[in-house]
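Student: From TrEMBL, here are the annotated features:
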{"type": "TRANSMEM", "residues": "38-61", "note": "transmembrane segment"}
{"type": "TRANSMEM", "residues": "73-91", "note": "transmembrane segment"}
{"type": "TRANSMEM", "residues": "97-116", "note": "transmembrane segment"}
{"type": "TRANSMEM", "residues": "137-155", "note": "transmembrane segment"}
{"type": "TRANSMEM", "residues": "193-211", "note": "transmembrane segment"}
{"type": "TRANSMEM", "residues": "217-236", "note": "transmembrane segment"}
{"type": "TRANSMEM", "residues": "364-386", "note": "transmembrane segment"}
{"type": "TRANSMEM", "residues": "392-412", "note": "transmembrane segment"}
{"type": "TRANSMEM", "residues": "424-440", "note": "transmembrane segment"}
Amino acid sequence: MAAAPPPKADELQPHPPKEQLAGVSFCITSPPPWPEAIILGFQHFIVMLGTTVIIPSALVPQMGGGNEEKARVVQTILFVAGINTLLQTFFGTRLPVVMGGSYTFVAPTISIILAGRYSNEADPREKFLRTMRGTQGALIIASTIQIILGFSGLWRNVLKLLSPLSAVPMVSLVGFGLYELGFPGVAKCVEIGLPELLLLLVFCQYLPQVLHFGKDVFGRFGVLFTVPIVWLYAYILTIGGAYKNSPPKTQVHCRVDRSGLVGGAPWISVPYPFQWGAPTFDAGEAFAMMMTSFIVLVESSGAFIGASRYASATMIPPSIISRGIGWQGIGILLDSFFGTANGTSVSVENIGLLGLTRVGSRRVVQISAGFMIFFSVLGKFGALFASIPLPIFAGMYCLFFAYVGGVGLSFLQFCNLNSFRTKFIMGFAFFMGLSVPQYFNEYTAVAGYGPVHTGARWFNDMINVPFSSKPFVAGLVAYVLDNTLQVKDARKDRGYHWWDKFRSYKKDGRSTEFYSLPFNLNKFFPSV
């Protein structure tokens with residue numbers, strides 16, 4: 001086959017790869033002015049409320065709790081999320097990531113709820129307390145996985161073999177893999193979910209193109225413009241009687257007065273450790289939760305890589321990810337102490353917000369942590385914001401999760417896309433990352449239990465939960481294939497050489513700028 005002629009000087013050339021993302025208004029170390037930073041921090045707080053409310057709304061009623069218990073759990077998650085976000089941004093990866101609740105922990109928590117030793121409890125309040133203590137004990141044990149793997153450096157050694165090619169499916173499916181929380185959530189009340197999606201699209205993408213003033217304002221504060229508009233619209237529909245004769249499910253999703261959070265929340269209350277009582281322990285449940293903790297470790301590693309891109313930082317060194325995972329383990333330990341019925345992971349929607357606003361400032365996220373703690377203590381006010389109808393959040397998720405999936409695909413710029421090896425690994429990892437969890441989830445939806453169904457519920461969870469995680473399956477397939485197929489001949493094809501300088505913290509001076517610990521702590525806790 002004849003070779004193509006050399007391009008002329010004026011012909012278009014491929015875009016060169018960039019180690020740092022261009023076009024970011026404020027990067028990780030360059031905060032916006034204080035007034036703007038405070039407003040942006042409040043916006044991050046609003047965005048993370050969706051997951052904070054969805055998880056307790058699903059779990060607490062099954063545990064036997066009512067609106068009061070649900071409001072207190074939401075309050076506790078907010079409080080601990082604020083603490084964990086501050087710990088991660090000061091001492092962990094130092095990336096602008098919000099640490100919040102994780103959907104991955106829901107399945108093993110439901111297994112604890114369905115455990116036989118709680119089924120005979122007649123008093124709902126007592127059942128709630130006993131179940132909560134069981135989740136606390138399992139989370140205490142589960143946190144040790146991340147603490148050990150993170151702080152010992154074992155996870156760092158695993159990540160040193162990660163190339164841009166194997167990172168693409170893992171990072172992309174951290175965002176794309178949450179598709180079931182996007183438009184399906186919008187469709188639960190399409191008359192308020194769809195307007196939020198369309199308005200956010202118009203405010204953030206189209207208005208900055210057509211307006212000659214305030215371009216940054218509409219793109220940067222789109223959430224704060226659109227959420228009040230749609231929330232007010234939902235309120236008008238509610239008081240106007242639009243849902244008066246609607247089915248109960250429709251009323252729960254559409255009405256602004258059905259969450260029960262405002263009525264159940266106290267005016268002022270400070271969550272404290274072991275507020276539900278002393279934790280209880282069960283070996284099987286602990287094993288299942290430990291496996292879940294490992295899955296979250298993989299998912300958060302992909303989220304950290306995506307966040308580093310949107311913060312306009314260099315590729316995050318493996319030792320820094322490992323340090324962040326260690327602090328995430330501390331966060332799960334705090335979850336268990338305070339009793340959140342859930343574990344901590346990186347909030348994916350807030351990474352999407354970094355891309356939407358083009359503000360990757362660490363200070364902004366630290367300010368958002370302050371809002372989390374503040375509104376968790378002032379229970380009624382925090383519950384007011386948390387009562388925003390969930391389809392509004394689903395509308396926002398359609399954009400935020402897309403941004404995270406897109407940043408994962410951006411690492412393909414370091415790979416040779418004309419290589420058959422690259423095409424196979426990338427395509428096969430994506431396909432299996434979507435197909436395998438789809439099978440596990442469909443099976444569970446029809447049968448009421450996963451494909452692995454033995455008498456030991458904890459063993460079932462140890463197999464079913466990992467293979468229900470899209471980022472885990474895709475990342476595992478890509479990592480294994482990329483490190484076993486024609487490795488010597490494909491170093492440049494897989495983009496491995498692009499990240500060589502970032503595999504060690506000390507090889508590139510920019511790592512110190514972005515990831516060094518404050519207060520000169522690097523002297524005592526050096527990164528390698």
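Any Cβ shown, glycine's included, is placed from N, Cα and C.
Note: TrEMBL annotation is automatic and uncurated.
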Student: For the transmembrane segment (364-386), could you work out the same-chain residues 6 or more beyond its ends whose Cβ comes under 8 Å from its Cβ atoms?
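Tutor: Tertiary neighbours of the transmembrane segment (364-386) are 26, 31-32, 37-38, 40-46, 48-49, 52-53, 71, 74-76, 78-79, 81-83, 85-86, 89-90, 96-98, 259, 261-262, 264-271, 350.
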Student: Apart from its near flanks, which chain residues at least 6 from the ends of the transmembrane segment (97-116) lie with a Cβ under 8 angstroms of it?
Tutor: 44, 48, 51-52, 55, 58-59, 62-63, 77, 81, 84-85, 87-89, 131, 134-135, 138, 178, 181, 282, 285, 288-289, 292, 295-296, 299, 303-304, 307, 328, 331, 340-347, 350-351, 365, 368-369, 457-458, 460-461, 464-465, 468-469
Student: What stretch of 73-91, 137-155, 193-211 shows the most Cβ pairs under 8 Å to the transmembrane segment (217-236)?
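Tutor: Between the stretches 73-91, 137-155, 193-211, 193-211 has the largest tally.
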Student: Please give the sequence-distant neighbours of the transmembrane segment (73-91): residues at least 6 beyond its ends with Cβ less than 8 Å from one of its Cβ atoms.
Tutor: 48, 52-53, 55-56, 59-60, 65, 97-101, 261, 265, 269-271, 275, 323-324, 327-328, 330-331, 334-335, 338-342, 344, 362, 365-366, 368-373, 375-377, 379, 382-383, 386, 517-518, 521
Student: Restricting to the same chain and to residues at least six past its boundaries, which positions have a Cβ under 8 Å from a Cβ of the transmembrane segment (193-211)?
Tutor: 185-187, 218-219, 222-223, 225-227, 229-230, 233, 356, 391-392, 394-396, 398-399
